[in-house]
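Asks: Handing you this structure, nothing more for now.
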Amino acid sequence: MEKIGIDTAFAEPGVRLSINLRERCRMHDLNEALDDLRAVIPYAHGGSVRKLSKIATLLLAKNHIIMQAKAIEELSILVSQLKRKSENLENLNKSLKPDAN
């Protein structure tokens, strides 16, 4: 009995061409997505600055997301503190106002 390996399936030129085309499309889509990501993350975009590598792009994006999450958390804490101060001032203001009766 003849053993059929994976390489036999790739022997047909049409199959190999189809696989190659699919891989080229996949890589094109990946590179386009990375270019889109590079366009929105903050880094030097000057003409003399080299394009970021794939890994550098992903790491920079990850760090940017972490920084944004921390900023949101800090702002949320500040908003809570300001709300409490505002409520305290309103209560103080109410307690200092003479009754209208």
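Even glycines carry a Cβ here, placed using N, Cα and C.
Annotation source Swiss-Prot lists region 'Basic motif' at 14-27, citing sequence analysis. The feature domain 'bHLH' is assigned by Swiss-Prot to 14-68. Among the features that Swiss-Prot reports, region 'Helix-loop-helix motif' is placed at 28-68.
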Asks: Could you give the number of helix, strand and coil residues in the region 'Helix-loop-helix motif' (28-68) as assigned by DSSP?
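Replies: Summed by class, the stretch gives 28 helix, 0 strand, 13 coil.
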Asks: With DSSP helix as H/G/I and strand as E/B, how many residues of the region 'Basic motif' (14-27) fall in helix, strand and coil?
Replies: 14 helix, 0 strand, 0 coil
